[in-house]
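To start, the structure under review is shown below, and the notes come after it.
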């Protein structure tokens with residue numbers, strides 16, 4: 001939340017005993033009109049994303065039950081199921097937390113939930129990003145090395161398991177760095193409480209390194225992998241078509257154009273496009289703040305809220321994309 005980040009950055013003193021910070025500025029964050037609009041949009045997207053992702057899971061389950069007994073789901077549908085679960089997890093954790101936090105402005109839930117919910121928030125953001133990587137890698141291997149993929153039946157299970165495990169592990173530091181701080185004006189009890197990372201890093205570069213690590217894992221690395229995988233798929237298809245269009249038998253069909261594989265290629269490209277459109281504004285704002293914290297005072301509050309809301313569109317778009325292309 002932008003106003004909380006500003007509050008944390010503005011203070012330069014903390015007590016090692018009780019994390020109490022003297023209130024040197026009379027202005028505390030409040031719920032403004034633009035904040036109310038952000039909350040309204042957040043809960044609308046929450047309902048939309050929950051409905052879309054839950055509907056796709058139900059549809060996938062019904063489709064599975066109609067299949068012949070003993071016949072397993074295709075690799076792609078198994079991966080889509082994991083991505084849907086990850087998106088639903090992000091929807092159920094991140095959006096309500098953001099909406100309620102913007103309503104209350106300060107943190108009332110205590111230090112335990114401060115740590116746990118901060119951990120769950122980052123975990124639920126890692127999971128869909130890593131699942132996007134798994135889908136991109138799987139589609140790339142399916143086109144460039146189809147025989148190798150078919151012979152390694154456990155590869156898909158290993159990649160999805162690794163994605164979940166990395167999400168759990170990489171979010172771990174949140175349990176340590178997030179803590180409660182209390183602002184006081186010197187006249188009595190604390191007048192404002194917040195859940196932040198204030199005084200959690202011994203040196204400034206420790207925090208910079210951690211922020212860059214999370215930024216890389218959530219955005220840069222997944223984006224690069226998706227771009228490389230899509231480029232390899234397009235290059236492989238183009239090369240085979242140029243050699244002999246009749247040799248392009250990627251769907252195990254002898255005479256037909258591989259429509260299923262081309263459809264999954266379009267779907268992975270659509271995933272990547274949605275990922276870039278939804279997350280780029282969010283991370284551009286975050287990087288700008290890292291290098292220039294005062295930018296929050298120069299950029300209007302409605303613009304800040306607008307950029308942050310872009311990230312909530314991704315779990316809404318994904319079920320529309322794979323619902324359109326896969327079923």
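Cβ from N, Cα, C; glycine included.
For residue 195 (disulfide bond), other Cβ atoms within 10 Å of its Cβ number 24. The secondary structure of residue 195 (disulfide bond), as reduced to three states from DSSP, is extended strand. The disulfide bond annotation in Swiss-Prot covers 114-195.
Taken from Swiss-Prot, the feature N-linked glycosylation site applies to 4 (among others).
What Swiss-Prot records for 18 (among others) is N-linked glycosylation site, and it gives sequence analysis as the kind of evidence.
If you look up Swiss-Prot, you'll see 102 (among others) marked as N-linked glycosylation site.
Residues annotated as topological domain 'Extracellular' in Swiss-Prot, with sequence analysis given as evidence: 1-38 (among others). For the topological domain 'Extracellular' (1-38), the predicted model reports an average pLDDT of 59.
The topological domain 'Cytoplasmic' annotation in Swiss-Prot covers 59-77 (among others) and rests on sequence analysis.
Taken from Swiss-Prot, the feature topological domain 'Extracellular' applies to 98-115 (among others), supported by sequence analysis.
Under the heading topological domain 'Cytoplasmic', Swiss-Prot lists 138-164 (among others), citing sequence analysis as support.
Feature annotation from Swiss-Prot assigns topological domain 'Extracellular' to 185-211 (among others).
Taken from Swiss-Prot, the feature topological domain 'Cytoplasmic' applies to 232-280 (among others), supported by sequence analysis.
Annotation comment: Swiss-Prot describes 300-305 (among others) as topological domain 'Extracellular'. Long-range contacts of the topological domain 'Extracellular' (300-305) within the same chain, counting only residues at least 6 positions beyond its ends with a Cβ under 8 Å from a Cβ of the stretch, are 2, 32, 34-35, 37-38, 285.
Residues 31, 80-81, 84-85, 87-88, 91-92, 95-96, 98-99, 102-103, 309, 312-313, 315-316, 318-320, 322-323 of the same chain, all 6+ positions outside the transmembrane segment (39-58), place their C-beta atoms under 8 angstroms from a C-beta of that stretch. Among the features that Swiss-Prot reports, transmembrane segment is placed at 39-58 (among others), with the record citing sequence analysis.
Taken from Swiss-Prot, the feature transmembrane segment applies to 78-97 (among others). If you look at the transmembrane segment (78-97), the same-chain residues 6 or more away from its ends with a CB under 8 A from one of its CBs are 42-43, 45-46, 49-50, 53-54, 56-57, 60, 117, 120-121, 124-125, 127-128, 130-132, 134-135, 138, 156, 160, 163-164, 312, 314-315, 318-319, 322, 326.
Swiss-Prot lists 116-137 (among others) with the feature transmembrane segment, giving sequence analysis as the kind of evidence.
What Swiss-Prot lists as transmembrane segment is 165-184 (among others).
Positions annotated as transmembrane segment by Swiss-Prot, on the basis of sequence analysis: 212-231 (among others).
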List, by number or range, the same-chain residues at least 6 past the topological domain 'Extracellular' (98-115) whose CB is under 8 A from its CB atoms?
1, 3-4, 28-31, 35, 38-39, 42-43, 46, 174-176, 178-180, 192-195, 312
Going along the chain, which residues at least six beyond the ends of the transmembrane segment (306-325) come within the CB cut-off of under 8 Å?
2, 38, 41-42, 45-46, 48-49, 52-53, 55-56, 59, 80, 83-84, 87-88, 90-91, 94-95, 98, 128, 263-264, 266-267, 270-271, 274-275, 277-282, 284-285
Which whole-number value in Å describes the distance between the Cα atoms of residue 114 (disulfide bond) and residue 102 (N-linked glycosylation site)?
15
Integer Å distance between the CA atoms belonging to residue 195 (disulfide bond) and residue 102 (N-linked glycosylation site):
13
Could you give me the DSSP helix, strand and coil counts for the topological domain 'Extracellular' (300-305)?
5 helix, 0 strand, 1 coil
If you count the other CB atoms within 10 A of the CB of residue 114 (disulfide bond), including all protein chains displayed, you should get 21
